[in-house]
Amino acid sequence: MKADVIVGIQWGDEGKGKIVDMLAQKYDMVCRSQGGHNAGHTIWVDGVRYALQLIPSGILNPKAVNVIGNGVVVSPLNIIKEMSQFSSLEGRLFISDKAHLNLPFHALIDQAKERLKGDKAIGTTGKGIGPTYAEKVSRTGFRMGELLNPIKLCDDILEYFKQNRSIFDVLDISTPNKDELLAELNEYKEKLSPFITNTTNLVWKAIDENKRILLEGAQGTMLDIDHGTYPYVTSSSTVSAGSCTGLGINPKDIGVITGIVKAYCTRVGNGPFPTEDFTEAGKTIGEVGKEFGTVTGRKRRCGWFDAVAVRYASRLNGCDQLALMKLDVLDGFSKIKVCVAYELDGERIDYMPSDMQNVKPIYEEIDGWDSVVGIQDFDKLPVNAKKYIEKIEEITSVKVGIISTSPERADTIIRG
């Protein structure tokens with residue numbers, strides 16, 4: 001059986017957590033393939049809020065196996081903290097021995113470099129994700145499997161500190177001594193060793209046994225290292241194809257690809273955001289949508305739906321359908337805008353240029369509606385809400401197959 005993919009196709013924070021949690025109830029295995037604890041996903045179940053960063057959303061399904069793949073960078077401190085929320089995780093959670101370790105000094109490097117950039121800072125979460133991926137690519141990083149031999153790992157990290165002493169000195173970063181470091185690594189080993197394994201073989205076996213598998217993306221397509229709004233991007237591949245490299249499976253193993261989008265747009269940090277709205281409307285969207293970052297708590301920038309960007313991301317990911325999230329946040333607006341094209345250097349364009357800094361949105365307006373909260377049947381949606389969805393389908397050429405009308409799991413429309 002093929003593995004289905006959930007992927008964000010805006011700038012992250014699209015609401016993937018709710019959809020993965022809802023769908024995970026019918027899957028045997030849920031996998032993360034990239035990112036780190038810079039990517040938060042929020043799930044609401046029976047009025048209770050769960051904020052996860054590394055552990056897949058399938059953890060709330062007691063029957064599902066959850067896999068953190070080789071493409072993820074894992075902070076032992078953070079995953080141990082997350083794991084403490086749950087009981088009986090052995091046999092339900094597995095971490096790739098090839099996933100790279102995101103250690104405390106990586107975050108210090110990240111934060112120091114951002115400070116040095118001043119007003120040219122990217123706006124990272126400061127969690128050390130970039131430095132960890134940089135070490136992975138330069139072949140100087142450390143992997144989860146090395147935690148199983150903490151004495152050797154300690155020596156290797158101390159040698160790394162020695163070789164990079166000039167960098168740590170310039171950035172004014174102090175490093176732990178041998179005793180401190182070894183104690184830290186021994187604690188990690190004690191708490192994490194039962195979960196570290198060869199996850200590629202685990203996923204292959206599940207595929208061969210026709211298990212139902214869901215691949216959960218983190219962040220969003222517009223933050224992809226290659227295809228996003230570079231350099232204001234993350235350090236990993238956030239598109240559906242990244243699921244293959246991040247788990248060790250081949251493209252033929254991929255099934256249905258669902259792109260997750262908000263009914264409007266948000267972005268955290270710096271970088272181009274064509275439809276950002278600085279008026280009262282943008283402020284209202286942020287307040288009603290409670291648009292604050294799961295990881296950083298930072299206020300998200302808010303704006304109207306960018307159909308040009310979504311069309312680009314849908315094609316890039318090969319989306320079979322879209323899941324439209326937070327439609328209820330637009331309740332009560334008299335007019336709702338949709339970006340249908342851009343203006344660049346005085347010309348109208350219908351594609352995403354490599355440099356988004358100078359594009360201006362071209363909008364169409366749609367009449368608003370009163371409320372969609374709690375509606376679970378497409379036919380019961382207000383007429384104008386249906387028109388809004390149809391406009392998105394028309395421009396993106398992708399069917400909106402799932403519609404969320406409140407944070408609750410049950411308040412979701414599934415279209416046949």
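Using N, Cα and C of the backbone, Cβ positions are placed for all residues, glycine too.
The annotation active site, proton acceptor is assigned in Swiss-Prot to Asp13 on the grounds of sequence analysis. Around the Cβ of Asp13 (active site, proton acceptor), a 10 Å sphere holds 28 further Cβ atoms from the protein chains shown.
Swiss-Prot lists His41 with the feature active site, proton donor. In three-state terms derived from DSSP, His41 (active site, proton donor) belongs to an extended strand segment.
In the three-state DSSP classification, Gln219 (IMP binding site) falls within coil. According to Swiss-Prot, the IMP binding site annotation covers Asp13, Glu14, Gly15, Lys16, Asn38, Ala39, Gly40, His41, Thr125, Arg139, Gln219, Thr234, Arg298.
Marked as Mg(2+) binding site by Swiss-Prot: Asp13, Gly40.
DSSP assigns Arg298 (IMP binding site) to coil in the three-state reduction, outside any helix or strand. Remark: Arg298 (IMP binding site) has Val268, Gly269, Phe292 as non-local neighbours, by Cβ distance under 8 Å and separation of at least 6 in sequence. Residues annotated as substrate binding site in Swiss-Prot: Thr294, Val295, Thr296, Gly297, Arg298, Lys299, Arg300.
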TODO: Go through Asn38, Thr125, our binding-site residues, and report the one whose Cβ sees the most other Cβ atoms within 10 Å.
DONE: Asn38
- [ ] Quick one: give me the count of other CB atoms within 10 A of the CB of Lys299 (substrate binding site).
- [x] 12
Task: His41 (active site, proton donor) and Gly15 (IMP binding site), distance between Cα atoms, whole Å - done: 7
- [ ] Measuring CA to CA, name the entry from the recorded positions Asp13, Thr125, Gln219 that ends up nearest Gly297 (substrate binding site).
- [x] Thr125
